[in-house]
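Listed in TrEMBL:
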ACT_SITE  340  active site, proton donor
DOMAIN    18-367  domain 'Orn/DAP/Arg decarboxylase 2 C-terminal'
DOMAIN    21-269  domain 'Orn/DAP/Arg decarboxylase 2 N-terminal'
MOD_RES   45  N6-(pyridoxal phosphate)lysine
Ligand SMILES: *Cc1c(COP(=O)(O)O)cnc(C)c1O
């Protein structure tokens, strides 16, 4: 069953629809585009729903988790999968919980405090990467939707702080921490060409650091942040060009045994849809508005990123009421939700041929940072339903 058919047949709205078969096919394509020395981890925070994590199992090399909650949930869902534990502000309880799980294969250490806490708590060898906040020159981050590095941020460590950690790691009391390499996640929303420039910077910097300190840094994790183009739902990040570029990069660094990436958004965004219905169509001060059931408390993505969420209209011919059907034709419509705030907007002045109360809207590109980043409790509306399509299985 296609997502469109499923959305038209739903009896309860709003609802999230996920196409797990499409997700697996996409992840397999991504994997096939990457060189063998590249490990693919999925950043669980993009969408941690259990069926999504399970669908990716076997297609990704592991999962990146950024909290004790994600750690417990991902491990319970895919118990045999390797995990990388990142995130700023790891609490003592989270550090202790992660140390109890052998599935945690890598730690992304974000500060000297964390390094000290980990060394003091570890009762077994722990493989770590130091998370670096590197300046990325040459306008490499131009166009990034979010920048976690290359500027003042609470993420990772500046290069001089990394040097301090190297000195600590060589001192007594830190024997259990095995430094494997460097982690950096500097920006999100980057095209393949931009990602490659950033990856080259991170790998080059790591190689220089290793040479300077005569350290065997065999691993580099260059993070996630592969762009999703919400303005063109059919567009995809150019994994082929990215994979070819990484292949060239690896050829220049034969000592690098593992280059890891940890995309979130670009893996799952395209496999999720949010279906709802138009409750009302209104004309206000010269503009048309469609008010839908649900809103940004279910799908916050357009509000946080400031974009129009792409959608298609699923016409519904039935209008069971004796009063006139509110409608707009050949116009631009702002699609808002049920919340009492002007920020509850899913799409702004989107062109529509016809839109009537009772019609359904199917928002695409809603499989990442959508439901799980939304403020569900605001105004106490009901939660959406969730449907996982898997080929012919429903
Ligand atoms: C959020 C995050 C990712 C994934 O970012 P996307 O933009 O979803 O690809 C990867 N690594 C770290 C450390 C993150 O915080």
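Cβ atoms are placed via backbone N, Cα and C, with glycine included.
Annotations in TrEMBL come from automatic prediction, not curation.
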Quiz item: What three-state class does DSSP give residue 45 (N6-(pyridoxal phosphate)lysine)?
Solution: helix
Exercise. State the mean pLDDT for the domain 'Orn/DAP/Arg decarboxylase 2 N-terminal' (21-269).
Key: 95
Quiz item: What same-chain residues, at least 6 away in sequence, bring their CB to under 8 Å of the CB of the residue listed as 'active site, proton donor'?
Solution: 379
Self-check item: Surrounding CB atoms that lie within 10 Å of the CB of residue 45 (N6-(pyridoxal phosphate)lysine), all protein chains
Solution: 20
